Amino acid sequence: MKIPLITEIQRFSLQDGPGIRTTIFLKGCPLRCPWCHNPETQDARQEFYFYPDRCVGCGRCVAVCPAETSRLVRNSDGRTIVQIDRTNCQRCMRCVAACLTEARAIVGQHMSVDEILREALSDSAFYRNSGGGVTISGGDPLYFPDFTRQLASELHARGVHVAIETSCFPKQGKVVESMIGIVDLFIVDLKTLDAHKHLDVIGWPLAPILANLETLFAAGAKVRIHIPVIPGFNDSHADIDAYAEYLGKHAAAISGIDLLNFHCYGEGKYTFLGRAGSYQYSGVDETPAEKIVPLAQALKARGLAVTIGGIVGIANGKNELTGDIALEVHH
């Protein structure tokens, strides 16, 4: 069984499914969405954050690194700083252990199913009283199907509501099929319905995602769709029409759709991971309401329940921005 590293266990979450939840973030995802705000969950291997503002240039990390990935240099104001080249990093994490100022931090911890259960079940009373539960997220939990199946089964057997957040990417349909019955809610990211863009930009074919999604629909599984509305990627009139047509055909099988506005909140993580140059959305503004509301209206017209996360509010049943369409909203 392929066992994932855990990047975070977030307790008392209100945004990853119904009620009060604990969200388990697994490290590893085969997709490479250029706007990803959790880049630390992409690579399945252990990594480290480097916080330059905490570094005092003592050189302890330089001394212990077997691959000589770090070296001391002087910056423009004459201060000694550490320069890191991660190309040959062996991921031994000796530099993290040697750092006295916590300028480095390990990303990804080893945890067994039993260890995760102990932590997640400690909040069972909150789940019961709020209609909440546990959400397995990532990364993508289907990147580790056996582990996810075991964790979901253990939670399900204890009466805990289980959700997973996934792109439904597996090319082997049996992976998704094996989750039906032990997962109470599938939260599926549907980033675009343009097959060429999906492959060229995200690096993964669209066909298996739609096939898996339709498997869930046919099985009567509870499915909620997340659509991240990304400027210049999936916010055109053609995109709106494609989403409305496809999802409208399956309206009866979809419990709701959440439109998520783009933001740059994760940009700093790329820098801390040594990947600052790979982030393509630096300086891009959040998705404007005029790009999200038409999509919400088109989906609502097809009989779908729609929420807009973090952009449009409701006051007395009226949309605060448009005044003409009442949408449920998550902040």
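Glycine is no exception: its Cβ is also placed from the backbone N, Cα and C atoms.
Of the listed candidates (Cys92, Cys99, Cys168), Swiss-Prot assigns Cys99 to the same [4Fe-4S] cluster 2 site as Cys55, Cys58, Cys61.
When the Cα of Cys61 ([4Fe-4S] cluster 2 binding site) is compared against those of the binding-site residues Cys95, Lys191, His263, the shortest separation belongs to Cys95. If you compare Cα positions, Cys65 ([4Fe-4S] cluster 3 binding site) sits closest to Cys99 out of the binding-site residues Cys55, Cys99, Asp189, Lys191, His263. Applying an 8 A CB threshold to same-chain residues 6+ apart, the list for Cys58 ([4Fe-4S] cluster 2 binding site) reads Leu100, Thr101.
Residues Cys29, Cys33, Cys36 make up the record's [4Fe-4S] cluster 1 site, and a Cβ search at 8 Å around their centroid adds Leu31, Arg32, Trp35, Asn38, Pro39, Thr41, Gln42, Ile202 from the same chain. In the predicted model, residues of the domain '4Fe-4S ferredoxin-type 2' (80-109) average a pLDDT of 97. The most densely surrounded of the binding-site residues His37, Lys191, His263, judged by C-beta neighbours within 10 angstroms, is Lys191.
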